Structures are given as C-alpha cells and as structure tokens.
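Per TrEMBL, the features are:
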TRANSMEM  B:20-37  transmembrane segment
TRANSMEM  B:66-84  transmembrane segment
TRANSMEM  B:96-112  transmembrane segment
TRANSMEM  B:118-141  transmembrane segment
TRANSMEM  B:150-172  transmembrane segment
TRANSMEM  B:203-221  transmembrane segment
TRANSMEM  B:242-265  transmembrane segment
TRANSMEM  B:285-312  transmembrane segment
TRANSMEM  B:324-345  transmembrane segment
C-alpha cells in the first residue's frame, strides 16, 4: 500500500510539467471511437492533428461520455491534468462545457455542434450537414423505386431537422411522388435500436435508408435486405458494398489543426464557425457504381453549385408542414433560422416530435 | 481427485471474504488484460483504484466526485436490497429513478422563477412519491393479477424513458432555448438547486439521504419486525405465512420503499449534478444499483462499500482513458470482471472443494 502510494505521488510529479511547447489537447466523445461513424470522424481528425504536430501536441481521449454530470467530471479532470484545449464532440455537452469553461478560464474549449456560448473561452463549430443532405436527397429521390425513403433520426435538434428537410426538399424536387418515413431513436449510438429501425422502415416499403445516427447497423441491415442506404459521418462502404450509395464524410482535421495552431500562436479566440462544402469540412464518400453516371454528374454539379455559393439548399418558395409560408420565392434561409429550425417543411407527412 | 460437497450452511467466512477476493482477482485479470493492450498494468490499476483518492492532481476534485457518483447508487441499492431479501425482484429502479426526477423537476418548473424555501422540500416529497407511484404498478399487478414483477418493472423502464423524452421535448422544454430539447437548468434556479451543502465536498442532500437510508435500512433489517418478515419470506416462504406474514403486503412495502428511494435519487440528481431534464438523463444508475446491491451482499453497510467501489471504477476508469489511453471498452470489461469473479467465487459459499484420496467411482 505504502509502496503504491509513493509510486502514485512520484509518477504524478513526473507526469505534470511536460515540455512547455507541448500543447495538451483533450477530446471527449459521446460514442466509442470504433463506431465507424461520427466519433470515428472526430478521432480521425485527432490522429491527423497528432501527425501534423508530432511531439508538439499530446492528445488524450475519453469515449462513451454521457451528457451531464459525467461530461462535467471528465472535462474538469482534463483541465486539472493540464490540458490546454478541450474538444467536446457532441451537441448535448453544451451546459457542461459552459459550466467547466467558467471555472477554467485558461483552457480553450471547442464545442462541436454546440449552441451555448456564455464564456469567451468557448468556440462553437459545426458543419453545414444540410448541404450534404441535399445531395443525398437528390440521389435518393432518383434511385428509389418504391418512392419511399426511410430516415433514422436521432434527436429532434436543428442539425437533424434541417437535414431531414433538406433531404426531403431535394428528393421531392426530382421525384414528386417521394414519401419520407422517419423513426426517432433518441440516441446517437445504439446499433440494436438502429438495426430495428432500419428493418421496420424496410418493412414499410423503404428501399433507401438514410440515417442521422452513428453506427453502421442500418447499412448492414440494408445490405442484407438488398436495399440501398447512405452512411453517416464516415465512409461506411465496407459494411454494405452493394447497399452503400455514399455518405457525408466529416473532415474536421483542417479546422482542428488551425485551432491548435492559433492556440500555439496566441491568437486563439472564441468563434462561432459554421462550415460546409466550401471549406472542405464535409465531402461525399465515393459514389457507388450502381448510381448511374448521369446522376453522379448531377450530384457533382449540385456540390459544385453549393460550394460556389451559387445555390443554397433552402431557397424559397418553401412552406412549413402546416402550409404556412416560410420562405418566399427566391428567398434564402438565414443562418439564424437554420440554427434553430424546429419544424418540418410542407410535404413531410410524419409528425414533428414534441 | 476433486469432489464438490454442498455445505450444510452457506459459509459465513466466504460470504464476507469473496467480495474482497473478487476485487483482488479483478485487479490481476484486469492487469493481464491491460498488459495485453500494451499498457503498464501497475499504472493502470493505480489510475483506477488509487489516483481518484490519493493523487495530488486529481484527488481534491475526484474525492467529492466519488460521493456524487456513488450516492445515487447507494440510495437505490439500499431499497432494492430489502426487496431482494424478500424475493421481490424489482429490476425497474431505472424507471422509478426517471419518474422521481420528473416529479421533482415538475414541481420546480411549476414554481419557476418564484423563490421560496418550501420549493425544495416539496420537490423531495414529489420525487419520492413519483418513484413510489411507478413502483406501485408492478406491485399492484403482482398482488392483484399475479403478474411477474421482474418483467413488469423492467418493461416500465422503457415506458419511463419514453415519458422522459416526451417531457424533454414538450412540456418541460426550456422555452428560452428554441430548437433544442431539455428543460431549464435547475442549478440556476436557486430555490430548486440541490447545491453542495459545503462547497467542494460533494456533499449534497442526496448524499445525506443515502446515508440516512443506509442507517434506516440497517435498523429495519436487524431490529424491526419488518426486517424479520423480509428475511423470513425470503428464506422460508411457507414458514413466513404461518408466522403471519401477508405476502401481498410485503410485496407492496418492498416495491414501495425501493421505488421511493429510487425516485429520491432521481430527484436529487436532476436538481443537482444532472441539472436538467434531458432525453438522456438516465445513465443506468438504476441498473448499476442492482450490481451494487449484490456486490454489497444485500447488506446496507456492504452496499456503501460496493457503491464506493463501483463509483471508483467509473471515475478511475475515466482517468485511465485520459492518462493512459485505455480504450473505454477495456474499462467496461474490467467492471464486468468484478461481478463475474464475485458470482464465480460465490460457488464456494455454498460448496466445499474436497480433495479425496484413492476414491474411484
């Protein structure tokens, strides 16, 4: 016991002051790094960050951290252990990030898909997933034979809701008969639940499955059932070589590297960044060969138009689900409206959960 | 050759010794696993079991956190243990925990933003009542229709989770945070905040309630008629009936106590460390408490130790991930080993291993 105590004190003393120019960067993840989706995307960026800076950066991760008291504890322990910058990689850490940031003003917080910014040491960053969803919707609308798209949704938050709306609008534009069926899982990572949802959607006639959840379960189910699917956040081709049409792939690394560099240069300050195709923060996984060449060209064209800001996925006229007008003809949605979106657009038959 | 012999009476020594032996075996087996992952097993074990309490960097923070993490486990497990002793199997404490939290938070949100000393006590009552009410469903179904309380209480967890989601998205949603689920932060509403009683100690009302519950449970189980009835019903149901134990009443009492305590735990969590009603508010305390109850041998004092031990593996497990880059799954395996070894070792509580010579069957 005594020996162990001495060892503990000794190694704690040895561990604390690393090289002065080594920046310690901590990551907390909502799922496991092996989800092959969202968390895998962030961890990919972490590895690139590590490679880019080599010994000048020391990264550490904690996986499967629940929102609330657990997240607050993990981030506090990171701050106590001398971490300079903390990336919190899920929207729901909002209150926890703000609580810890208030107590550790010298630690820089980077909150992915965050929405609360009460201290000047918190940066929020997000990707314009609805841009990618527009492309997926376009492809889905053309590829479906049953005119039924299944959508596995996690939480009814603006990022997910705007994704559903964007996908629907672009599917509808190329296929007026298209119909969306939506299942909410109220979780980010629950492979069993996601597989059940996919099976239910397929039974209901869906032949294209979209997901805004993090596991590969739906792609596997789609492969077995012989229908089509899109992956989430990472290229999930290997889990359904026939089914997997494409996926929105998150590329956080350039942003992560720029933020750590800013911290090293002493120029880091709180920001609110919302990046899309133009900044390269999202890209599409390689098109599956079963997508006709013509459609591939259309999709590439759509991406190019969005990147060049020639086209905005939310361009009016668009009505709300209840038929009231939202965007007038030619009007483009502003970021504020997208960042708080809490309604479906006209034509989606599913009920909005509340 | 080796022969197994059933003991006439379960061994008292092994009942007490097994949990400790299980911890030691877990350390050894876990250490081997960590070594196979290429990590220094001694550093890993130290990070998990010692650093949260003794390390200079972390202890001042993680010691209070240990109380915060363990208190709800202990509070729930104490209630469950009384039922388990009487063969009343309440597996749905998670649901009772959720409903208790919703009742407590409901009271707080109804009074918001009014001040008042009476709000928090009302929340406590509401929390206990909510958990009690949710536990009464399996209790009444069992006593009236002879349904199985294991299934009913377990399935009610999923119902409670759906109600929680509906509340976070609808009725209890914070009107000032458009587009996002979740209620107001109760930690910012002074009259409803279950704050630390002394700053930086981790002591909040839930911790106090857990210790009071432990003492009460201990007294009831050793000194009170109810405790005698519980033990008797568990060990000899037929004899219990002759001794005047009404089985239906016992079911109601056991589920009621466990439900109320789980509801209290939920209420203290939502108004303190948890802070708000969120869809993912329930993080499995109700299920983990079942492990705590058995690891603590269904004994109130044992449960305190078991609660702290499990709390320690959670907090230390996070340190292990952070400092040593242990995968999260390895920590979960490590926690699973603890229960596995305990169950395996319990074999020798009831059986004796005999080495016999020259006997051939």
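The backbone N, Cα and C atoms fix where each Cβ goes, glycine too.
Below 8 A, the CB atoms of the transmembrane segment (B:150-172) and the transmembrane segment (B:20-37) form no more than two pairs separated by six or more positions in the chain, fewer than 3 in all. Comparing B:20-37, B:66-84, B:203-221, B:242-265 for CB pairs under 8 angstroms to the transmembrane segment (B:285-312), the maximum falls on B:66-84. Spatially, the transmembrane segment (B:118-141) is adjacent to the transmembrane segment (B:242-265); three or more Cβ-Cβ distances between them are under 8 Å for residues at least 6 apart in sequence.
Only sequence-distant pairs (6 or more apart) were considered; of these, fewer than three Cβ pairs between the transmembrane segment (B:20-37) and the transmembrane segment (B:203-221) are under 8 A, so the stretches are not in contact.
For the transmembrane segment (B:96-112), the residues of the chain that approach it from at least six positions outside its boundaries are 72, 76, 90, 119, 122-124, 126-135, 157, 160-161, 163-164, 167, 172, 183-184, 186, 189, 191-192, 258-260, 262-271, 274, 276-277, 281-282, 285-286, judged by C-beta separation under 8 angstroms. Listed by sequence, the residues of this chain that lie at least six past the ends of the transmembrane segment (B:66-84) yet keep a Cβ under 8 A from its Cβ atoms are 52-53, 90, 93, 97, 201-204, 206-207, 209-210, 213-214, 217, 220-221, 230, 234, 254-255, 257-262, 264-266, 268-269, 272-273, 285-286, 288-290, 292-294, 296, 298-300, 303-304, 306-308, 310-312, 314-315. Taking Cβ pairs closer than 8 Å, the transmembrane segment (B:203-221) reaches residues 64, 67-68, 70-72, 74-75, 78-79, 81-82, 85, 120, 124, 194-197, 227, 230-231, 261, 264-265, 268-269, 272-273, 299-301, 303-304, 307 in its own chain, all 6 or more past its ends.
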